[in-house]
Amino acid sequence: MANGVIPPPGGASPLPQVRVPLEEPPLGPDVEEEDDDLGKTLAVSRFGDLISKTPAWDPEKPSRSYSERDFEFHRHTSHHTHHPLSARLPPPHKLRRPPPTSARHTRRKRKKEKTSAPPSEGTPPIQEEGGAGAEEEEEEEEEEEGESEAEPVEPLPPGPPQKAKFSIGSDEDDSPGLPVKAPCAKALPSVGLQSDQSPQRSGSSPSPRARASRISTEKSRPWSPSASYDLRERLCPGSALGNPGPEQRVPTDEAEAQMLGSADLDDMKSHRLEDNPGVRRHLVKKPSRIQGGRGSPSGLAPILRRKKKKKKLDRRPHEVFVELNELMLDRSQEPHWRETARWIKFEEDVEEETERWGKPHVASLSFRSLLELRRTIAQGAALLDLEQTTLPGIAHLVVETMIVSDQIRPEDRASVLRTLLLKHSHPNDDKDSGFFPRNPSSSSVNSVLGNHHPTPSHGPDGAVPTMADDQGEPAPLWPHDPDAKEKPLHMPGGDGHRGKSLKLLEKIPEDAEATVVLVGCVPFLEQPAAAFVRLSEAVLLESVLEVPVPVRFLFVMLGPSHTSTDYHELGRSIATLMSDKLFHEAAYQADDRQDLLGAISEFLDGSIVIPPSEVEGRDLLRSVAAFQRELLRKRREREQTKVEMTTRGGYAAPGKELSLEMGGSEATSEDDPLQRTGSVFGGLVRDVKRRYPHYPSDLRDALHSQCVAAVLFIYFAALSPAITFGGLLGEKTEGLMGVSELIVSTAVLGVLFSLLGAQPLLVVGFSGPLLVFEEAFFKFCRAQDLEYLTGRVWVGLWLVVFVLALVAAEGSFLVRYISPFTQEIFAFLISLIFIYETFHKLYKVFTEHPLLPFYPPDEALETGLELNSSALPPTEGPPGPRNQPNTALLSLILMLGTFLIAFFLRKFRNSRFLGGKARRIIGDFGIPISILVMVLVDYSITDTYTQKLTVPTGLSVTSPHKRTWFIPPLGSARPFPPWMMVAAAVPALLVLILIFMETQITALIVSQKARRLLKGSGFHLDLLLIGSLGGLCGLFGLPWLTAATVRSVTHVNALTVMRTAIAPGDKPQIQEVREQRVTGVLIASLVGLSIVMGAVLRRIPLAVLFGIFLYMGVTSLSGIQLSQRLLLIFMPAKHHPEQPYVTKVKTWRMHLFTCIQLGCIALLWVVKSTAASLAFPFLLLLTVPLRRCLLPRLFQDRELQALDSEDAEPNFDEDGQDEYNELHMPV
């Protein structure tokens, strides 16, 4: 029985026998005769004769039908005659074809004449793709074998015994197939018809020489059943075993291969993977024929070159976009993949009732789903670095891997594949479908499963394992649906992203790679089947995602509905894991499934489990956020430790190398502008060298529409304070300086500072502290009978001297010692002054125009004037009208109306009405809008008198009869006393304190790292310019200016470009700031041109300016931590907010700190209200050593860090708070 087979049980007819001759006569030297005999044997006519003489099969005759059990018995029988494929392969040196000779051409021509007989009508000849047939190539190979006998063979290098090796390619296809004939073509579709297999041989048989030649070739490669079978050669890239191999198509998995013998494995490979002519499954495009011409000597060169130049895998982590698709039924009860959730950083779910996206939130996962996910990845298929570029190709390999890993049955192959290729729908499809929605029509199942041929676009190793056409109709997806094969399938090509959301696409980073999660219940599976896929490179799978983002990861989970697995929660779990930064970095760098399991364990270490108890109120979850922050901190520390250990080892982990380099470059390029050099004017020189080289770009960067919008916005933001402070300054100085002088000063100094300053984004202007100093100095000059404007000239000259000395000594570093303790006292004091001045002015209006039961006629106004003169301060010039009816009430209405409108628009900015940009525009123009509305109200009431703003006509001083544009330094009306020329150094030092604090703190706020200014700043240069220009202002009688904190921060925010690729729910991030000088020049120029609007400015009532003053004072208080702690004194401890100064400091010690600040404010208020009001800047400066020397003796460092820390970062959210709440500085 060695040459036959044992019949299977049941008395069935035996399988066809394969006869192999054991003894053959020796070979002769005549090669030509051998070729002739071989040509007669392989002639096409012989195939026709063999087929025609085969007895016909009678379908009515009863015969045995073989089951799978019979074939299994046949495969495992020890008597199965077997010829290994490796015995049929030509030696490696035969791959190099010798150049054709004349003798070979003659033999080929003679062979062609002999085999040109027409075949029989039974079976037409079947030729392979890529030429006129395979016969010529087989003939050439046999001729080469004959010629090689006479050629010397190079001896192989000594080494271990050669094992049996298998390969799929041109070599195997050109060699003779395995001579086995199966009884049923449907069960074994890979059976081929061979001339030597027929049980009835007709015609001339091959000569003994030809058969001996073949046998000698087999004997030269002895085969032993005990030869080892190298499983690594049967692995394909992306297989569950994780090892890349040269083969793309494998007959079985590793577990089955270990249980079978080498003969069975070889036979399975022949049946499943060989392309046997005669029983055609699909055309195999041979790489040798595609790449090079037939008979080309360099046919294999491109393949070898391509293998050598294999692309390096990209393991660099990218940004992530995750989409969860679930298998659902539509209205017509047809299955399709429906998007139910997505992740960019936080989870967004589709609301079932409204089909719209919900708000982003932190994903909450069940602990059981995480454990099931870990078990699924451990037991399921893991295909890493899969080299496929289409969804059908990926689906084919996923299904085959599921079959190999025994997750699904082979008969479920078609159903699972159809399920994976179903169409995908998204919530935005119906909205963006247009007039002609595209519904990709599905082809028949056979076309999808059988006609998907590998194309060169798939790459050299991108061949997809296909299924035979003759395996029968695939099972329907749903048993109740007879038309399941007409279900729409996912087909590549066409415009598949018609429903994409451009707004969502803007929020996804440019280099993001997507993860697709497919989960669902199917009725035809008996157990859940899962696969985790990582592609070798990201590919764009059309019609799969909502937006056109290349896909890198896929997770598939299918199973029956009767199991306890919650597929939705399991899909949410893997999607949340992939959106986690550390896990998706580990997924990029994973080499096998153990790395993925380790990453899941790391994720579980940083997760929180909440007990299953009812939570009533958010206050009960306060500890969760703090505990989570602590876990994240420990997690970052572990990652940092790993990076440090990796770096010490001399190499950097993939993905970490770039961050380390970037961090190092940032550290080296960072330049501290406040660092002292130790040389005279060293800081000034560094500022010039740092900032002026960017001067050309400061002009080019202004060519953008955003700069135009910023100019218009900041113009109104700068004009409103100029008018408000100008009107109040005219009141305080009795008209010596007013709106005209302040507008001119703002314009001139603004243009010069924008052109020469180191930080041109600063907006110079008048401020509340300078207004308080001007009032104090005016009262001092009136008390000493000195000329106010002449005294300001000498104060300005001394100011220049002190500024030069401070800049030469690099004194700008002192701004580091000004902590929020001093800033809050400063801002709180100025806010109180604004509020007090507002109601004080309103009181004066009610005094001048009281509410009387009977108002005298116009001729009796002089009597009323005499009666009320004692209550009014002495003034020069003609007095205004008195005792006007309804003036006080209308002034009150105008003041409160201006305040309420501006305050309401500020609150409206942070509301939920309209869009974010519209709210921000309305809120930013709140002050100009409130002024305009109240001016129109006053203009519409013509029978009531209100005091208006004093503005001259044209470019003129406020009081031409009192002063001119140039102020004589030696006095105008009388000589200025010499002692005052020297004593002016004291007020100059005081005004320097105010200018230094406001300018340097404002520059420090603008230069925060969070604002990402790239061109740098210059504290020394800016201070020198503002101080020197202050001396120029004294000579021309113009007010001193400083860097206005609120206006400067508003200017920077208006020029800030925010990143659009921000995950929903994440805080906004700055992309860049348009640092340039043109906007500052234009803003100052427009403010200067506003002097021609004198007729319009004269229509503004002073009561409207009082309302703006009240608005500035109230809004400044709302952003100061001191005011918040002041309210906590009257609040029970259980209602205190979760702030560091509350949770880390005892309540009574927190109140003690607040009381110390209130004591300093009270002392400054007392000094400001007395004759020594000029010295209040000096007392303000004393709060710095108080904080540095005294408070550390009363409080611990931990408490001071919580009470007096500058940890506030700029808020760029369109729904966030405005600049007043972010700053601790006065307006």
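Each residue, glycine too, has its Cβ placed from N, Cα and C.
Marked as compositional bias 'Pro residues' by Swiss-Prot: 1-11.
Among the features that Swiss-Prot reports, compositional bias 'Basic and acidic residues' is placed at 58-75 (among others).
As annotated by Swiss-Prot, compositional bias 'Basic residues' applies to 76-97 (among others).
Positions annotated as compositional bias 'Basic residues' by Swiss-Prot: 104-113 (among others).
Taken from Swiss-Prot, the feature compositional bias 'Acidic residues' covers 134-152.
Taken from Swiss-Prot, the feature compositional bias 'Low complexity' applies to 194-215 (among others).
The annotation compositional bias 'Low complexity' is assigned in Swiss-Prot to 435-448 (among others).
What Swiss-Prot records for 480-497 (among others) is compositional bias 'Basic and acidic residues'.
For SER167 (among others), the entry in Swiss-Prot reads phosphoserine, with the evidence type a large-scale study or a structure entry.
The phosphoserine feature in Swiss-Prot is assigned to SER170 (among others).
Taken from Swiss-Prot, the feature phosphoserine applies to SER175 (among others).
Positions annotated as phosphoserine by Swiss-Prot: SER198 (among others).
The omega-N-methylarginine annotation in Swiss-Prot covers ARG294 and rests on a large-scale study or a structure entry.
Feature annotation from Swiss-Prot assigns region 'Disordered' to 1-256 (among others).
The annotation region 'Disordered' is assigned in Swiss-Prot to 286-312 (among others).
What Swiss-Prot lists as region 'Disordered' is 428-497 (among others).
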Considering the transmembrane segment (1023-1044), which listed stretch of 736-773, 825-846, 888-905, 921-941, 975-997 counts the most C-beta pairs under 8 Å: 736-773
Paired segments the transmembrane segment (1150-1186) and the transmembrane segment (736-773) in contact, 3+ CB pairs under 8 A: yes
Contact call for the transmembrane segment (708-730) and the transmembrane segment (793-815): at least 3 Cβ pairs under 8 Å, seq gap 6+: no
Cβ pairs under 8 Å between the transmembrane segment (1078-1123) and the transmembrane segment (793-815), at least three: no
Contacting positions for the transmembrane segment (793-815) when only residues 6+ beyond its ends and CB under 8 Å are counted: 674-677, 680-684, 777, 967-969, 976, 980-981, 984-985, 987-989, 991-992, 995-997, 1000-1001, 1004, 1019-1020, 1023-1024, 1027-1028, 1030-1035, 1040
Non-local residues, at least 6 beyond the ends, that sit with Cβ under 8 Å of the transmembrane segment (975-997): 769-770, 773, 777, 780, 784, 786-787, 790-791, 794-799, 801-803, 806, 814-815, 818, 826, 969, 1023, 1026-1027, 1030, 1040, 1042, 1174-1175, 1177-1178, 1180-1181
Segment-level pLDDT (mean, integer) for the region 'Membrane (anion exchange)' (708-1227): 84
Non-local residues, at least 6 beyond the ends, that sit with Cβ under 8 Å of the transmembrane segment (888-905): 838, 842, 845-846, 849-851, 922-923, 925-927, 929-931, 933-934, 937-938, 941, 944, 946-947, 1101-1104, 1106-1108, 1110-1111, 1114-1115
